[in-house]
Amino acid sequence: MSIEGVLKEGFVTTTADKLINWTRTGSLWPMTFGLACCAVEMMHAGAARYDLDRFGVVFRPSPRQSDVMIVAGTLCNKMAPALRRVYDQMAEPRWVISMGSCANGGGYYHYSYSVVRGCDRIVPVDVYVPGCPPTAEALVYGVIQLQAKIRRTNTIARQ
């Protein structure tokens, strides 16, 4: 967070947008939507070696408690309505990370009749993490990119 001015009396001045976005970046609560082998790498990122908790990322079991959805793996046509329903149950503001080649564009199963060719056809995606499967470091980098995107957004509507 960039602080515009620090006065000699001990006051800190900043904008409400930057303060709100700073608090949001420090408390991302993802709901895991693990569909295939990418979910294993997502579990590695949450474990002790990579420790997403140090970035304020706490995995939540319910969509009503989370503000980030990590779609990891192959999205089938039958699973697409459930993905959209879970996304709609999340509170605003909400963000989506698409993890892996299958979630990004169908991956290895791109030409299969039963696979959605990218979860961005169902829900709006904010960050794409490439790889098959992407490493836990790639997911950590994706979370950092999402935090940077949140810092750049305007929270309060301006006329």
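Each residue, glycine too, has its Cβ placed from N, Cα and C.
So that you can see what the record holds, here are the features copied from Swiss-Prot:
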type    : residues                     : note
BINDING : CYS37, CYS38, CYS102, CYS132 : [4Fe-4S] cluster binding site
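Distribution of Swiss-Prot features across the structure.
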{"residue": "CYS37", "record": "[4Fe-4S] cluster binding site", "Cβ contacts under 8 Å, 6 or more apart": "GLY73, GLY100, PRO133"}
{"residue": "CYS38", "record": "[4Fe-4S] cluster binding site", "Cβ contacts under 8 Å, 6 or more apart": "ALA72, GLY73, MET99, GLY100, CYS102, ALA103, PRO133, PRO134"}
{"residue": "CYS132", "record": "[4Fe-4S] cluster binding site", "Cβ contacts under 8 Å, 6 or more apart": "GLY100, SER101, CYS102, GLY107, TYR108"}
Query raised in the report: Which chain neighbours of the [4Fe-4S] cluster site, leaving out CYS37, CYS38, CYS102, CYS132, have a Cβ atom within 8 Å of the mean position of the site's Cβ atoms?
Result: ALA36, ALA72, GLY73, THR74, MET99, GLY100, SER101, ALA103, GLY107, GLY131, PRO133, PRO134
Report summary line: Other C-beta atoms within 10 angstroms of the C-beta of CYS102 ([4Fe-4S] cluster binding site) total 29
Query raised in the report: Using DSSP and three states only, what is CYS132 ([4Fe-4S] cluster binding site)?
Result: coil
